[in-house]
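*Asks:* Take a look at the following structure, please.
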């Protein structure tokens, strides 16, 4: 006879009862918009039978967990539609994403855009049936038999690889369609009305390129039509801002299809890259770093000693020469340790700060590669600080200050901060991890930084602080990291001589600001829609003439600004002035100088800024002073 508490009210039930019936007893109206519930904090389907006392908490569609449940249920609706259209298809794995979900399927037929429309149409047809979703609790053996009869080979592999044979599990039925899930599902398919199929891509089974390539269908899914429409509106804006399109339009870079994840920088893009590099170098000088350069290919043994081969092997590229094995470095830290230990160092030399724009390679799955945002070869603005235990707080604080200084120059004001704690797969004792996590927590509190704890998401060698930027569309970009490492120096036998003349392992602080230079360029390209601030823009000023009479004057202006180290181009073609202005405007050139007869005779200039506003300057020097200040102040 369960006693259930809800909203400070208790009801005694004389028999085991389903959650949905319990909700109806409290308030019938509430049951219409409830998709799941918690009893004593445990998340359950509303069909669950309760025979024990507990506190009831409702899960509604708009709740954070509610939208996940809707997306899980909608992913099964997608599976149902696909099986209706292509009965021999095999369903593999589905995952919830930030805006919806994806499902990997094995289908002999290569899906087209028209097929995606057909799937979406079928999903809406199934919605009209308004069917209930049923759950059954089965043994591992029963589930295995069920999926074997359905010839669902991937579900069988999931059972064999991920689920204990002694456990029971839940199977969800959407009419004839059967699937596995660990989350509760909505009680009725009507809660899954608001979705849109977005795209399709390739994905290897289990992310392993040795396995079969599957087709991954991405779907956005929401709890209301207004949220769906708003998301689609944002998607159109994102398409307009897509750094890959802008990169092509502004001639910034390209990625050769036969060399996936590797960037070919063009002149304009490389200008931006070098500007960022120069900008970070100034910060490094301000915060007393030494810049170094280490090789890309390093002996296999170093990575074995550092622990990377045990913990990071699948993401590393390997090669060999003259019967020796090498790794192409995925990160710079072991190489920086070699520089530190090249000579005997005293405690008086600490903190020892070294930085590198290191070319790193990571074997990312081909299906996850995306323009500059996810690549295999990237440049890390990486640094390592070798210090003593009593220097940790001041050094981490200095890193935090540096990171915030950099982000402010790009107009990023919303920064989310997380403290990621020890993962299951790690090196070092619990005592070491306790100390390291506490030091990072104290550093954040000392600097009055609001942060969240991200359990079990630290690096294998130490906890880390992650800095995530929120852009103008409220997208999240994880960029900066500060990682505290009390293990690597010991593993690689790096030490300094302390004030008692004893060998002591230094603490290593791993620090990156932009993270990947390439990725950060992708981020700011989308943030500014290609209309970069003047100080970053690959072309800062464009000069055009109205007629051939002003050619010499344009050349004079161009020479003047080149001598002032302003990035300027000119267009002397015998074209209409409106055509030239439009062409430069489409190239997002911040300032366009227009030279006509009046300007030439008065030795002045007319300027059109990126907002289309017309400006007049009586001399080149006056205009230069304006843009010099804009560049100096790094206005965004």
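Backbone N, Cα and C atoms are what each Cβ position is placed from, and that goes for glycine too.
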*Asks:* Out of 185, 240, 243, 510, which does Swiss-Prot tie to the same Zn(2+) site as 333, 384?
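*Replies:* Matched candidate out of 185, 240, 243, 510, per Swiss-Prot for Zn(2+) with 333, 384: 510.
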*Asks:* Hey, for the Zn(2+) site built from 333, 384, 510, who else sits with CB inside 8 A of the CB center?
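*Replies:* Leaving out the recorded residues gives 331, 332, 336, 337, 382, 383, 483, 485, 488, 508, 509, 511.
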*Asks:* Could you give the mean pLDDT over the region 'Catalytic' (242-533), rounded to a whole number?
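*Replies:* Computed over the region 'Catalytic' (242-533), the mean pLDDT is 94 on the 0 to 100 scale.
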*Asks:* Out of 384, 510, which has the highest number of nearby Cβ atoms, where nearby means within 10 Å of its Cβ, if these are the binding-site residues?
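*Replies:* Within the set of binding-site residues, the most crowded position is 384.
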*Asks:* I'd like the per-state residue tally for the domain 'TGS' (1-60) from DSSP, helix first, then strand, then coil.
*Replies:* 12 helix, 25 strand, 23 coil
*Asks:* Compile a sequence-ordered list of residues in the same chain as residue 333 (Zn(2+) binding site), six or more apart from it, whose Cβ lies below 8 A from its Cβ; state 'none' when nothing qualifies.
*Replies:* 306, 382, 384, 485, 488, 508, 510
